[in-house]
Structure formats: C-alpha cells, structure tokens
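Annotated in TrEMBL:
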| type | residues | note |
| --- | --- | --- |
| DOMAIN | 156-344 | domain 'L,D-TPase catalytic' |
| ACT_SITE | HIS288 | active site, proton donor/acceptor |
| ACT_SITE | CYS307 | active site, nucleophile |
Amino acid sequence: MMNRMFSFGRFLTPIFFCCMTATRLGSANEGISPPSPLVPQIQALEGLLEDYEKEAKNPYPEWTCTQYAFKKGDSDPIVRTVKKQLKDPDLGTSFDFDDDLEQAIIRFQKQHFLKPDGVIGKATCRALNMTVTDRIRKIKLNLKRWKKLSPLLNGRCVIVNVPTYHAEAMEGGQSILKQDIIVGMKSRATPLFSTTLTRVVLNPAWYMPDSIFFKDKLKKIQKDPNYLTRNFYVVADQDGELVSPHTVDWDQISDGYLPYRIRQLPGSHNALGRIKFHLEGTQAIYMHDTPQKELFQKCPRAFSSGCIRLSKPLDLALWALSKTDLKSAKEFEETIEGGQTKTYGLEKPLPVYFTYITVWVDENGQGLFSDDPYDLDEKEMRQERGK
C-alpha cells in the first residue's frame, strides 16, 4: 500500500492548492511544480486518516521545540531531534545545522506555506510540533470542509483558498487556471463565504471605505496635506459635490464619522489595479488586480484589508468572460492600456467559493498540511474537544 503519511524531508507538490507556480522565477516558493487535475479528495483523505489512526497506536515519541532561533551554522542536540522529526535519512544524526538541513527546512516551510528562510522560527516550530493526534484532528476537520465543497465543483467556478494563498478557476472538476493571491491580514481576515461573480470592471475607481480611512489614511492625511492629491484621490461632500482636500480641516474629523466620500481615480496607481471583479452581496470585498505586485514574491501573503489581490487578474477575466461578446484578448488589453473604465457583464453568474482547506492529498497519495493563518483550525478543534 502506498504510504500516505506526510514525508517532511522530501518536497511533495500539492495537487489542489499550491502556494506558487514553478514558472515565476524568483518567487518565494520557486521550484514547486504546478498542481495536477483534482483528485477525489474525500476518498483520499479517508485513507490518510486511516493511516494516521494506525500510526497513533504506535506513535513516535512526541517532542516540543521551544527555541525559535536555530539557523545554519548552529550546533545543538535539538538540531538532531529536528532531523529525526523530518524523517529524512539523508540528513544524518549530527548536532550540526548544515546546508542539507537548511534546504530540508526550506522545503518543509514551503509545504506549510511559511516564509521559506531556512530558519527554525516560531511558526516553523509550531508546524514541526504538530503531533499525530493533531494531524488526525485536522484531517477530520478538513474532511467535513471537503464534503461541503466537493459537490459544488462540477460546473464553472472559482475557488479562493485562504490558508494556501491560492485561487483556482475550475470547470467540470478540472483546474483551468491557477494563481497566487494575497489575502486579508489576521486582524482584517478575509471572510469565508459563497458568492457569485457578475461583472468585471476595467480601470476601476476605488471608493475608500470609512474603516480603511480611519485605520490607515487619516493620520497620513493629517501629516501630509498633499497626500490625497499626490495619490490621485478626489473628495466629494454629502451632496456629491467635489471639494478641494486642502479646504477640509482633517484634524477636526472625528473617529467613526466621515462626512465625505473619497474616490481614487482609475490608473496603474489605483488600489484595485486595472481590473476589479464584482462579487454580489459582499459590499467592500472584491477580487482585484494590485499595483503592489512585489508582494507576490512573499509567502505567507496576508497583507490586505480583506479583499483578494490576484497575481493573474487578466487571465481570470478572460476566462470568466469567455462566453460573452468579448472579441479578443487584444481588445481587452487595449481597453486597459487606453485607461477607459468599462464594465463587462457575465452572461451567467459565476460561483465563487472562499474556503479554508488546510489538509489535502497530492497526486502521489501524500497528505499535505498547510499553516492555519487565522487560527480557525485550532479554534474549531478546541470546540470539538469541549463537546
């Protein structure tokens, strides 16, 4: 029987959600092969669960990593314990943190969607500390999530998986387009919900939500009178009349109430980039392009205020609109470059599912576990233990 247990020392490509693609040179997870078509995850996870339940009867000695500063060049008995925990015989049994261990740690970090720096820090330690019992609980938790998700994957849809910073366009159960994403920071978590994509806007304007104004922008505006004009914002009063931002006494704006509407003009500088995907019933939550493309080189990628920033927005737009009267990709790109704001409606609403899958099985039958950036796994497992 194929061993489905997680092998830390060898990098195993996720089949469904992958933090990065191999084609992007210099990315944080460079070298990861693109995922293959979707496998029957429920059946595979049930087999993985069976394997771990057998292992639980004769477990490895559990250990706890409490020092968060091991790096290449260090020598300590804990280093040998880490090598044993990685279960890679090529790492040897010495106390030395050498080149081979650094590369093994980087592979491990990529598999868990952690910063691939080769250093055993706090987050890496937490992943290494995951026991067989922990993994059994996570598999059971994710089986429930997969059972809810799987019946929805037969038609055209988009899946946004927050913990792995990855989105996929699906059609007939097959992955058509994969891309890296940026999700909400923990304090402004991306909500988990189902919605529909109904239209795509090229060269959108951005209306600043009051929450972002007070959290991120007000102090900048108070310190720098030219902040709004320099960043292509215009200000309107409650009647919709434009006012000069220099005539507003921003020091008198009280927390929680903004008597103005602030709009950022379309362009490459715009917070939404060049393309916005309108999601029904989500208010200020969008999928969109971004001018901060350098952030896709990082992993993890929880930098937004809740929206999903896409690394391949043009590709997704063309796929989503493939059944509309869009003449060609060239026409689409010319519209973007021309700066004209234009909205394309989809002939049929496209389902979009925001998910939180942290365990899956790859094409080799290996179980993979991602990090838990919003601590939702831990919260739900605590609730289960409390029953």
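Cβ atoms here come from the backbone N, Cα and C positions, even for glycine.
Caution: TrEMBL annotation is automatic and unverified by curators.
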Checklist outcome for this item: Within 10 angstroms of the C-beta of HIS288 (active site, proton donor/acceptor), the count of other C-beta atoms across all shown chains comes to 22
Item to check | Separation of alpha carbons, the residue listed as 'active site, proton donor/acceptor' and the residue listed as 'active site, nucleophile' (Å) | outcome: 8
Item to check | Taken over the domain 'L,D-TPase catalytic' (156-344), the model's mean pLDDT | outcome: 93
Next on the checklist: Using DSSP and collapsing to three states, where does the residue listed as 'active site, proton donor/acceptor' fall: helix, strand or coil?
Outcome noted: strand
Item to check | Other CB atoms within 10 A, centred on CYS307 (active site, nucleophile) | outcome: 24
